Amino acid sequence: MSDIQIAQANEATEMKSITAIAEQIGLQATDIEQYGPYKAKLNFQAINRLKEKEDGKLVLVTSINPTPAGEGKSTVTVGLGDALRQLDQSAVIALREPSLGPVMGMKGGATGGGYAQVVPMADINLHFTGDMHALTATVNTLAALIDNHLQQGNVLNIDPRRIIWKRALDINDRALRQVVIGLGGPVQGMPRQDGFDITVASELMAILCLATDITDLKNRISKIVIGYNYDREPVTVGDLEVTGAIAMLLKDALKPNMVQTLEHTPALVHGGPFANIAHGCNSILATQTALKLGDIAITEAGFGADLGAEKFLDIKVPQLGKTPDTIVIVATIRALKYNGGVALADLTTENLDALKAGFSNLAKHIANMQRYGVPVVVSVNEFTSDTAAEVQLLQDLCQAMKVTAVPTSVWANGGQGGIELAKAVLAALQQPKAFKPLYDPQADIKSKLTTVVTEIYGGRDVVFEGKAINQLKQIEKNGWAHLPVCIAKTQYSLSDDPKALGAPSDFTIHVRELIPKLGAGFIVAMTGAVLTMPGLPKKPAALNMDVTADGQISGLF
C-alpha cells in the first residue's frame, strides 16, 4: 500500500480524538483550540503555564545529503517517537509542517511514511490549520503596504530600486521569480521590478519559527529591513508603522499545532522553513512545548546535517536555550552507494566497494556532529534490497568512528521497527555531552562563513561575487556583522555544486548575495544556483493526485 492508503486505512478506525491525545500528556480541553476532531492548536495560556516545568531531553534527527534514492528522515523521526513510547518513555515529536509547493512538485507528502506517519495525513499535507495561508497573506499584505507607501507620497523616501521585500506564494512557480508591477499608469502604482519567494523562504516564516511569544513576534517584525532609501539607509517595518497589523495577522499561526502519529504519539507540527534557503527548523514554541510535555522531545532539521543540523545548532540553539542531548543521523545503504558512484538503476545490487566509497558522506556528517560535542547514533533506514554483508560493513565503518549504527524498519513495522534505535538513543542520552558552538557570533561575516565552509562542508575558502561584495560592506557599515550566518546552498552536496557527491574537498563556496534578515536575526548568504522560488519538475507529483466524488484523496504519496 502507498503512504496515503496506509494512513487512510488507519485513520478510519484507529485515530483518537485530539482531546484524548492532549490528555495523554497532561493537557486539558481548555488548553487547546480544536480544528475538527483530530487537529488542534495549543493556546498561549497553556504554553505560559508549561514554562514552569523542567525540560526533558532533546533528540535531533538529521541525515546525510539527500539523494533520489530517499533517506526517510521524517519517517525515522516519527518511528523513533513511537518506539520510545513502546519502551514506556514519555516522548513527544516536534516536526515542521509541509509546504504545498514540494507536496505538489517533486516530493509528494511530508508527514513520514508507511506505518510511521503523523495523521490526518492529507489534512496536514494540504491546508492543515491554515498557517501557510496566513503567512502568505501576511507577506503579501506587507508588500502591498510598501507599494502603497510609494504611491501615497513616499514620506520615507524609499528607493523603489532597492526594495528587498518580496511577495510570496506557497507553490513552486518559476514564472514569478522576476516580475514587473505597477504598470498601467499613475493610478496603478509605482512601476518597479519585484519577485516572489516561496512562502517558506520568507523572513516571516523564519520569524514565526524563532519568536517566543507575541511580544517577541512584534519586536522581530519591526526589525525587518524591507529596503533602502535614496541615501542607502535601511528602512524597516517599524519605520512603516505597520508592525501591529502584520503581527495581528500571525497571532493564531504562532500557536503550535498538535496532531498524532498512527500509534497515537503526540506530535507538534509547526512552522516549515526550508533548510537549503532558510534555517530549516520547526518553531521554537513547538520545540519548547515538546520539551515540557514529554521526558524526551524528538525533532528534526531539514535536508542533510550540513544544512538543517548546522543551522539548528548555530542559529536555533542559542535562541532555544537548550542543546541537543543526542543527534541521530539517518542514512540508507542505497543512498550511500549512490554517493559511491552507483547509478539509480543499480542501487538494489550488492556493491560493497561503492558502499565503502559512499560512506565518506556519512563519515563527514558524523565527524561534523561530533565536532559539536553531542553523542551521535546512526539510523540505517532499511530497504529490502539491503544485504547482510552491506549492513555489517556499514556498522563496522560506523563503529570505527565510535558510533553505533542501528538498522531501522519503521516504514514497514512502525514503532516496533525502531525499538533497537530507541534503545541506542536511550543509551546515548546517558552519555556526557559538552556542547561547543561552531563559531563566535561576534566574529566578522567572512570568518563565520569560512568556518562553516571549512569545518562543516570540507571546503577550502569563500569568495564574494557580484552584489555580495558591496552588500558585505553595507552589512558591516550598518553594524549587522555580529549576526549568525545562514547559508543558502544546494542540499545535494556538501559543496555548492549539486553534482559533487560523497565528501568533496578543496573547493570554494561562491557567495553571490548577502541578505540581512534582522527580524529573524541572521544574515543569509546565497551561494551557487540555489533559488528562493523553486520550479516544478517535468512530471510533478500533482499528476498522480485525485479526489473521488465522496472526497477520498489518492496519490498524495
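For all residues, glycine too, the Cβ spot is worked out from N, Cα and C.
Marked as ATP binding site by Swiss-Prot: T67, P68, A69, G70, E71, G72, K73, S74.
P68 (ATP binding site) counts 11 other C-beta atoms within 10 Å of its own C-beta, drawing on all protein chains shown. If you take the C-beta of G72 (ATP binding site) and look for same-chain residues 6 or more apart in sequence within under 8 angstroms, you find G113, V330, T332, N381, W411. Within the same chain, residues at least six positions away from G70 (ATP binding site) with a Cβ under 8 Å of its Cβ are T332, R334, A335.
Proximity of K73 (ATP binding site) to non-local residues of its own chain (separation of 6 or more, Cβ distance below 8 Å) is seen for V61, T62, S63, E300, V330, given in sequence order.
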